[in-house]
Amino acid sequence: MIRAFDAFSLPLLRLLDAEDAHRLAIQGLRLLPQVKPRPDDSKLAVRAFGLNFPNPVGIAAGFDKNAEAPDALLRLGFGFVEIGTVTPKPQAGNPRPRLFRLERDEAIINRMGFNNDGAEAVLRRLAARAQQGGIVGVNVGANKDSTDRVADYVSLIETFAPVASYFTVNVSSPNTPGLRNLQQAAALDDLLARVIEARERVRASAGDTPVLLKIAPDLTLSELDDVVHIARSRRVDGMIVANTTLSRSPMLRERTRLNEQGGLSGRPLFRLSTRMVAETYVRAEGAFPLIGVGGIDSGGAALTKIRAGASLVQLYSALIYKGLGLVDSIKADLASTLLRTGRDSLSEIVGADAPTITAEEWPV
């Protein structure tokens with residue numbers, strides 16, 4: 001079914017504006033038959049953040065911003081889905097065009113600006129599917145016009161705690177002016193303290209929902225030192241490494257798009273984000289697991305992220321170029337690697353290459 005969907009949809013979607021194609025893809029997923037997914041190889045199961053993931057391959061925030069198709073995505077074989085970014089109030093985001101394909105680089109530039117339906121609408125959808133099971137995380141952010149951005153995060157934690165499998169505190173999008181300033185030490189410490197306090201306030205009624213922090217790949221190593229130290233001291237449950245980058249590699253072939261503002265994702269982000277995974281893994285010293293994201297487009301790329309220090313991985317941009325069949329392909333490659341090397345689980349290789357990667361010259 002997935003192969004047929006890809007064969008039909010990928011050529012068609014390439015003919016459309018990138019954002020229109022994305023909208024059509026979400027609508028198409030909602031129309032797919034409710035086919036029960038094949039069981040995953042038990043060796044791919046991952047225990048992280050107090051949750052049991054059937055496999056390590058998730059879909060990153062940004063694809064299903066408004067929780068319109070989480071169950072369809074789970075049925076397609078993802079081990080978990082992250083919806084959002086959600087803000088307290090609905091917002092339109094930045095003016096179009098704001099999403100651009102770099103086809104020769106298998107990359108995307110976006111400056112979406114947290115366009116979403118707002119907390120009330122997204123909560124209603126998640127509450128309606130609450131009995132469906134599966135791990136569905138909620139990525140939360142601040143409204144562009146907010147006068148108290150920390151209060152936005154706190155309100156979202158309190159609102160979504162009953163329906164979120166986990167939270168991702170997104171302070172790393174480059175498309176909301178000033179948002180990345182929340183990664184600075186004093187601001188981040190205050191934010192995480194208040195977010196964790198909010199989680200504790202609703203613990204009795206909503207449970208102990210894990211809180212993850214998503215960071216930018218553009219941090220310096222000194223800044224990363226501070227971020228990881230604060231994350232550990234505030235006892236966050238994990239980190240997602242990393243968001244899109246503002247950097248533009250001179251190796252990019254799609255030169256006509258180099259001046260487009262926004263975050264770059266896809267294959268050109270792979271090396272930088274993998275280095276950041278390894279650097280974060282070394283600094284975390286086992287305090288919490290990591291989700292690796294950025295440029296994963298094959299089983300080999302997923303394995304590299306895991307060996308750099310990621311317990312789980314997320315995809316998005318590669319799906320635009322390779323289709324939804326990529327999910328099963330990555331899982332099959334990971335299972336084959338475990339079988340070939342005689343290992344019982346992916347946890348045995350998490351971070352195996354981190355010392356080697358971090359010894360390389362910086363910046364990459």
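The backbone N, Cα and C atoms fix where each Cβ goes, and this holds for glycine too.
Keep in mind that this is a model prediction, so the values were computed, not measured.
When Gly118, Gly286, Gly295, Gly342 are compared with the FMN site residues Ala61, Gly62, Phe63, Asp64, Lys65, Thr85, Asn139, Asn170, Lys214, Ala242, Gly266, Tyr316, Ser317 in Swiss-Prot, the one appearing in that site is Gly295. Ranking the recorded positions Ala61, Lys65, Asn139, Ser173 by Cα distance from Arg111 (substrate binding site) puts Ser173 first. For Phe63 (FMN binding site), the same-chain residues lying six or more positions away in sequence with a CB closer than 8 A to its CB are His22, Ile26, Leu73, Tyr316, Leu319. Nearest to Gly266 (FMN binding site) in space, judged by Cα atoms and limited to the recorded positions Gly113, Asn170, Ser173, Asn243, is Asn243. Sequence-distant neighbours of Asn170 (substrate binding site) (same chain, 6+ residues apart, CB-CB distance under 8 A): Ala61, Gly84, Thr85, Asn139, Val140, Gly141, Leu179, Lys214, Asn243.
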